[in-house]
Amino acid sequence: IEDEYGNVLHASGGYAAPAAYAAPVAYAAPVAKAVVAAPAVAYAAPVAKAVVAEPVAYPKYEFNYGVHDAHTGDIKQQSEARDGDVVKGSYSLVEPDGSTRTVEYQADDHNGFNAVVHRTPGTHPVAVAPVAVAHAPVAVAHAPIAYH
């Protein structure tokens, strides 16, 4: 027995999965053919661009500064001068033991960086303020021991 779609039904009167289905007919869109020509290659003459060279200033400077804080004991100074490719300078600072460390340096293209360190003993050590540390008391409470 066949149903309205042509599927074979079993004589038992029940329904079963169809034996096979045919795929619908597929339709394809028409293919459009395009004729593309190769792009035309054109070469242009290079454009000459005028570049203005900025003048390079001659490197020359000089600076110095100093700090003298008696409260913290921060005592230092520095000075430096540059003339062309030669840099000369020095800095000094007071060490915690009261001595003064002075560094004199020079740097140039021929000799590189060179430094000489001098140490001058201090007349008296710089007193550093002691740090006061106070701890809060720890509260301890013992739990009572209970026997059953």
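Along the chain as shown, the residues are counted starting at 1.
Note: Cβ is positioned from N, Cα and C throughout, glycine not excepted.
Taken straight from Swiss-Prot:
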type	residues	note
DOMAIN	58-128	domain 'Chitin-binding type R&R'
REPEAT	16-19	repeat '1'
REPEAT	28-31	repeat '3'
REPEAT	37-40	repeat '4'
REPEAT	44-47	repeat '5'
With DSSP, how much of the domain 'Chitin-binding type R&R' (58-128) is helix, how much strand and how much coil, in residues?
0 helix, 47 strand, 24 coil
How many of the residues that make up the repeat '5' (44-47) does DSSP mark as helix, as strand and as coil?
0 helix, 0 strand, 4 coil
